[in-house]
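Asks: When I checked Swiss-Prot for this same protein, it listed these features:
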ACT_SITE  Asp570  active site, proton acceptor
BINDING   Ile420, Ala421, Lys422, Gly423, Ser424, Asn425, Gly426, Thr427, Val428, Lys442  ATP binding site
DOMAIN    707-838  domain 'KEN'
REGION    352-382  region 'Disordered'
TOPO_DOM  31-323  topological domain 'Lumenal'
TOPO_DOM  345-841  topological domain 'Cytoplasmic'
TRANSMEM  324-344  transmembrane segment
Amino acid sequence: MPPRCPFLRHLFFLLLLLSPWIMSPCGGAADDVTYPIVPSSPGRRSILQIRREPPTEPNTKLVVDRDGKVFLKQQPKETPYWSFSTGSPMHSLYQAPANNNTENATEITRPHIIVEYLNNSKAATTVDGYHNWTVQEFFRQKPLVTDDGVTLGSETTSAYLVDGRSGRLIHVYKSTGDTKITNALVKPASTEDFVNEPLLIRRTDSKLEHFSKTTGKLVWNLTVSHFRAALLCDPVFNSGYDLGPKLQTGIYMPLLCGSQIDVRGPEIVIRVLHDQPMNVKMLPSPSLNHFESENSIMPFGKARESRKLQEQHKQKYTYLFGQWSPVKLLAPLVLLGVVVSVFIKKFSSRGSDVSLKAGPSKKKKNRKSAKDTNRQSVPRGQDQFELIEGGQMLLGFNNFQSGATDGRKIGKLFLSSKEIAKGSNGTVVFEGIYEGRPVAVKRLVRSHHEVAFKEIQNLIASDQHTNIIRWYGVEYDQDFVYLSLERCTCSLDDLIKSYLEFSMTKVLENNDSTEGVAAYKIQLDSLEGVIKGNNFWKVGGHPSPLMLKLMRDIVCGIVHLHELGIVHRDLKPQNVLISKDMTLSAKLSDMGISKRMSRDMSSLGHLATGSGSSGWQAPEQLLQGRQTRAVDMFSLGCVIFYTITGCKHPFGDDLERDVNIVKNKVDLFLVEHVPEASDLISRLLNPDPDLRPSATEVLLHPMFWNSEMRLSFLRDASDRVELENREADSEILKAMESTAPVAIGGKWDEKLEPVFITNIGRYRRYKYDSIRDLLRVIRNKLNHHRELPPEIQELVGTVPEGFDEYFAVRFPKLLIEVYRVISLHCREEEVFRKYFKCDII
């Protein structure tokens, strides 16, 4: 017998001694008294505190009335706690006027359809000549062909983001894109944009339209609305006992955080004339799922199912142990656990001794830690609100089946162990697959759930924009929150460094190990397909059209965020991601510390929580001053400088940047060869936030103009100053000519070829120190390019790119100096509005 058998024998005798005491009841029938199972979720009391009040039902409920107004009501008195309107009634019915003027008309035609609301105590009555349908039965029949026409169905969805505590309407999402209705519904709010209990009410309007088979005209249409609610907060906000977050003392939300429920409304019966058959010649089409069955779209929240499971546990508990005192039950179980743990310890130690003596194993086995096992066994909280796309909530199981073993499944997410990037506060980004699509999985420590859900809220608000990273869903386990985000190729920082072939000597100078160098080579190799065939700089260091396009993408993303009232607050090259489709595009990401301002707010105040990254923050952020949208514009200036100069910073090296930002010690020498960039960056880095341009103004800056627009502006400017009289002391002409030393740098004929000067001298005389005369030359040669001699055409190049480059190389500061004068004196004139107004460009 093996040496550990005596220990097993002792354990067996001990269990025999304990078994009579364990199995004998204290008296009384086992079915008389039951004890509820205590949930083992974090933050609740231990099993020693098992005596507690039984869980109570929610004392509030969400309902909707006939007018489409959603209420949170306290039970049992049905007292409204808050309410908001969704803008239109629950149902609408239109019936075309009947034609009763024909010769055969003997009686007034009855309506095809009658819609009736039922009270709780009223049953659906029958009406002669009509057949009663429930909403589910009626809408399940679409589309169809009847003897008198065709019935078609459609569906639109709206989502209303509400503060669950106050009922304040935060935002409206409409699949129809009706921004006028959206703006009319949302009232300005002065409170903090982030709320702990964001409640999303989804309204689905299902519409049937019946058209006459003979005339093709609309006979009738019927629209009925269905409401669904999802509470988007983290489950840690739940109050326990299967109750949602507490609104005030004794009042709780009717659903748990992360769950969804139907919003109940008045019951409707639809009466249809018998001569309107509803069950013939069905046309193939997807049904209106939310009318098929309540569980086919979204099961009810966890509260109801968990109570059923709890009742089953209570029965098993009573049947197995009888009417036992919890303390008497606990003592032998604890003792038994101690004995078993001692046994396991001895067994494992002896087993390890044997394995050491036997030598190393020939076959390694994959073993998972207890922590990983727990993560895999953690049930998926409740019906999670996974995805908003085009205003609709998309649910369902993930059909993805991966043969990969290097990862694990969390709800709908397959999380790979391959790490993409690391961030602050324990944030790590992994590869993953969510509902069959490759995603980047941002893993945040669960204690930072506010950051995660704030990021989700702002990603939802800014969804569907090509320059904002897409959010697909969220999953949880015991320790982390997992955000499934759009998968991109690399960051802007990686792209620039890879393109410049960030040398190995630079890596070695930073004291990286040989392994680090090897890893960086792998990174460069992985991006070779992205940078191959793309040019980011022209000869001479000017940004290429592709680089300008990427920087314009960044600005477009900021414009979109600022229009929504969202301030990013952490803009830097690492948070700009690059996506490769037909061409490269830039997308803003990492909105964990972003803030959303209501419409009547101009700033975030002096104590806005969270801070951006060192070296990329505006001075008012570093000094904890009043923060506005201008903080993003300062960071944008640093990013543009960093991109154009190839990873250089306008405020110096890493350690000195914050100090230099506060002292306004900026060095723009490296971009002075690109005057348009130098002008824009200097304005963006202005220490006074009120003097920085807005995102829309940046988008219209000459730095982002193409050759055609640059030439068009110079031609319009020439036309404008051509009629000005020098003797009349023209302000605009004086301002224009005063910039000549900078814009021209001497006499402009000295910078043009003799053959070109000879050609223009045939027609008129010019003043070679005058900007007006130089603009006249550019305008005339541009307007008559086809009539120029072949040698002159070859010299100035093709229109517009070649022609623009010819003069831009010789007079690099001409455009920006003329732009400044026109901006100051003529920006409101009709001819120049397209260069300064976003609604025109």
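Just so you know, glycine gets a Cβ as well, placed from its N, Cα and C.
Thinking about packing and proximity, how do these listed features fit into the structure?
Replies: Of all the Cβ atoms in the protein chains shown, 25 others lie within 10 Å of the Cβ of Asp570 (active site, proton acceptor). Classification of Asp570 (active site, proton acceptor) by DSSP places it in coil, neither helical nor stranded.
Gly426 (ATP binding site) has a Cβ environment of 13 other Cβ atoms inside 10 Å.
On the 0 to 100 pLDDT scale, the model's mean across the domain 'KEN' (707-838) is 93.
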Asks: Measuring Cα to Cα, how far is Asp570 (active site, proton acceptor) from Val428 (ATP binding site) in Å?
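Replies: So the Cα of Val428 (ATP binding site) lies 17 Å away from that of Asp570 (active site, proton acceptor).
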Asks: Please list the DSSP helix, strand and coil residue counts for the domain 'KEN' (707-838).
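Replies: Going through the domain 'KEN' (707-838) residue by residue, I get 95 helix, 0 strand, 37 coil.
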Asks: If you skip the near sequence neighbours and keep only those at least six away, which residues in the chain come within under 8 angstroms of Val428 (ATP binding site), Cβ to Cβ?
Replies: Glu419, Ala421, Lys422, Lys442, Arg443
Asks: Which site among Ile420, Lys422, Ser424 has the most other CB atoms no more than 10 Å from its CB, taking these as binding-site residues?
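Replies: Comparing the binding-site residues Ile420, Lys422, Ser424, the most crowded Cβ belongs to Ile420.
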Asks: Greatest CA-CA distance (Å) over the residues Ile420, Ala421, Lys422, Gly423, Ser424, Asn425, Gly426, Thr427, Val428, Lys442 that the record ties to ATP?
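Replies: About 16 Å separates the two most distant Cα atoms.
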